[in-house]
């Protein structure tokens with residue numbers, strides 16, 4: 001009864017605590033989510049009136065522009081994202097890859113090769129309330145799952161969105177910082193454009209140089225800056241409405257949109273490329289959802305973001321309606337003189353915050369691409385112990401910095417950068433709309449009519465804006481297209497080469513019948529220790545094993561075929577991470593272990609990995625012994641059966657662990673099979689490598705239980721002795737070549753592009769945190 005009462009009390013949290021957490025998350029969201037969206041007033045009107053719209057500098061044109069901004073900001077950020085899209089989270093995660101992950105699980109559209117049925121049993125795999133029998137359009141599902149071309153096309157669309165997000169990471173800091181710095185020219189009239197560009201570059205270099213410290217502290221400190229910024233621009237907007245044109249509220253009427261296009265025609269349509277900048281940053285609300293909750297993001301937007309930005313846009317319009325020749329610096333010209341410098345300082349800081357949010361989103365999208373096998377291996381640093389998903393990628397950071405400074409120096413004008421920025425943002429929004437239409441059908445299981453209405457309504461709005469932006473390709477719009485092409489080429493080539501390598505492994509794996517024909521010793525000398533053979537296969541024995549024993553006919557007493565793979569869910573619970581199975585009869589001492597990570601999980605250098613692996617295998621041995629349905633004799637038909645091993649539950653632990661501390665070296669070396677020279681080499685390595693020296697040293701002990709089956713006890717004892725003898729990591733060092741019969745495109749993709757990426761990215765042993773002293777690499781040539 002006490003336990004039930006405690007569970008009930010835990011479920012019914014006090015309303016005060018609930019709202020306190022909601023307000024705290026909403027406060028923190030300002031520093032991460034809304035920096036980009038809140039700095040848009042710096043350059044929207046300048047970009048809108050930069051082209052032929054200068055010929056229509058009258059009050060009615062300003063009314064039309066304001067009406068377009070109001071309805072665009074209401075329909076896309078508020079209606080589409082805040083009300084609809086935020087509900088399509090993937091276990092709390094957002095962004096294009098989150099939507100793609102949901103589709104891959106609910107409609108089986110994934111192209112990740114080593115997926116298995118056991119992945120569908122993950123607690124986070126299906127959305128709550130999902131039932132396949134309630135599907136409204138089964139014919140559409142069958143069509144998409146049947147045609148591989150459709151799956152490839154969907155992946156290309158998602159990669160296009162990911163490439164544009166990376167493009168945003170280049171363009172957002174450039175346009176935000178340059179726009180804020182241009183305010184200096186309002187007061188310092190003698191300041192040249194070169195000086196503004198130079199100051200902007202200094203700020204940008206400083207911003208990217210601080211990324212290694214992580215975004216948690218930056219976001220928490222910058223949240224009050226964004227709030228102060230929003231309150232400032234909201235108050236200034238209200239002042240300008242009262243001071244310059246109290247009737248500006250009439251522009252909310254859609255009548256002025258019709259009148260605007262009647263008057264301006266094609267010139268007004270081209271000017272939409274500037275108006276769309278008012279909603280740039282909307283995608284960040286969804287992409288950065290993983291750090292907050294949808295309720296907190298909605299609360300922040302509706303209570304502060306929306307009213308403050310609308311007041312600012314209306315205030316600028318009121319100022320411009322009476323001062324039409326101030327369009328180039330309308331934001332800073334509309335600031336009352338006494339508060340100019342404080343607002344300028346806050347604007348500069350807010351621009352840095354907006355840049356920080358997009359840079360963090362870029363790191364996340366690269367991590368997700370890498371997890372899905374679509375990006376080369378890069379160094380991923382986890383910058384926070386408490387907030388999951390806060391990461392820093394050095395290589396991407398410095399590439400973004402170089403490209404960002406190059407764009408700032410090359411263009412030096414926010415109008416040209418805005419043309420590029422608009423194309424990147426609208427492409428991502430259009431892809432989100434496209435993916436959301438499938439989410440409505442397959443995940444929410446609504447009628448296809450609702451999906452079509454969503455696609456037609458928002459898709460038509462975004463297509464019009466995108467078509468306007470594409471008209472400015474020559475005026476800077478080519479930048480995101482070039483960047484997207486480069487990053488898409490890298491992603492697609494890496495995905496293609498990785499897939500071909502996996503197919504080669506799958507086609508050349510060793511049959512179990514040939515393994516069984518060798519007997520328990522496999523026809524080789526079995527030496528003490530555990531051999532961890534890394535492979536991407538989830539079934540069968542990889543060709544690297546036979547390649548190794550052919551050249552060196554000796555292997556370890558216990559063999560573990562280890563597969564570290566990604567699954568299309570954001571996070572995998574620790575109790576669901578390990579899958580363990582057996583290869584061959586018990587006498588062979590061969591096991592398979594699959595370690596599963598989500599696309600947002602960070603594979604840390606876990607000091608206890610070896611110990612957890614041994615404990616997981618021991619638990620599997622005990623589970624297998626308790627399973628009455630398992631046959632005492634080996635059946636090849638049961639090959640591939642795996643069991644999920646819980647790692648956090650200490651109940652039923654078959655082995656005891658004793659922490660050796662400082663006595664580890666003296667005790668472990670007494671029974672180690674390693675030679676004196678190898679032990680000396682390992683000691684030197686541990687002294688030079690801090691991470692190796694910090695590894696927890698334990699000794700496994702087999703409890704004396706008379707009730708335990710003798711065969712099980714012997715197998716556990718062999719496992720413990722093998723662990724004490726040492727663990728070796730065996731990994732393939734592959735050289736991938738295209739076959740001679742391949743066409744020119746394939747040869748270029750494999751022999752040149754993929755080979756270049758493999759040589760210049762991090763090695764797999766480094767990415768998997770394998771200690772070099774225990775690593776054995778086996779060279780192999782793959783002809784794909």
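Any Cβ shown, glycine's included, is placed from N, Cα and C.
Just so you know, TrEMBL annotations are computer predictions that nobody has curated.
According to TrEMBL, the protein carries these features:
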COMPBIAS  678-689  compositional bias 'Low complexity'
DOMAIN    25-516  domain 'K+ potassium transporter integral membrane'
DOMAIN    528-782  domain 'K+ potassium transporter C-terminal'
TRANSMEM  22-43  transmembrane segment
TRANSMEM  63-83  transmembrane segment
TRANSMEM  152-175  transmembrane segment
TRANSMEM  195-211  transmembrane segment
TRANSMEM  218-239  transmembrane segment
TRANSMEM  268-287  transmembrane segment
TRANSMEM  299-319  transmembrane segment
TRANSMEM  339-366  transmembrane segment
TRANSMEM  387-411  transmembrane segment
TRANSMEM  417-441  transmembrane segment
TRANSMEM  448-466  transmembrane segment
TRANSMEM  478-497  transmembrane segment
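For the transmembrane segment (152-175), the residues of the chain that approach it from at least six positions outside its boundaries are 36, 43, 95-97, 100, 103, 109, 111, 144, 200, 204, 207-208, 280, 283, 287, 354-355, 358-359, 361-362, 365-366, 368-369, 374, 396, 400, 403-404, 407-408, 411, 414, 417-418, 420-421, 424-425, 427-428, 431-432, 434-435, 479-480, 483-485, 487-488, 491-492, 495, judged by C-beta separation under 8 angstroms. When each of the listed stretches 22-43, 268-287, 339-366, 448-466 is scored by C-beta pairs under 8 angstroms to the transmembrane segment (417-441), 448-466 comes out highest. Taking every recorded stretch in 22-43, 339-366, 478-497 and counting its Cβ pairs under 8 Å to the transmembrane segment (268-287), the highest total belongs to 22-43.
The transmembrane segment (22-43) makes no contact with the transmembrane segment (448-466), as judged by fewer than three Cβ pairs under 8 Å among residues 6 or more apart in sequence. Between the transmembrane segment (218-239) and the transmembrane segment (339-366) there are 3 or more Cβ pairs closer than 8 Å, counting only residues 6 or more apart in sequence, so the two stretches are in contact. With respect to Cβ pairs under 8 Å, the transmembrane segment (339-366) is most closely packed against 387-411, considering the stretches 299-319, 387-411, 448-466, 478-497. On the 0 to 100 pLDDT scale, the domain 'K+ potassium transporter C-terminal' (528-782) averages 76 in this prediction.
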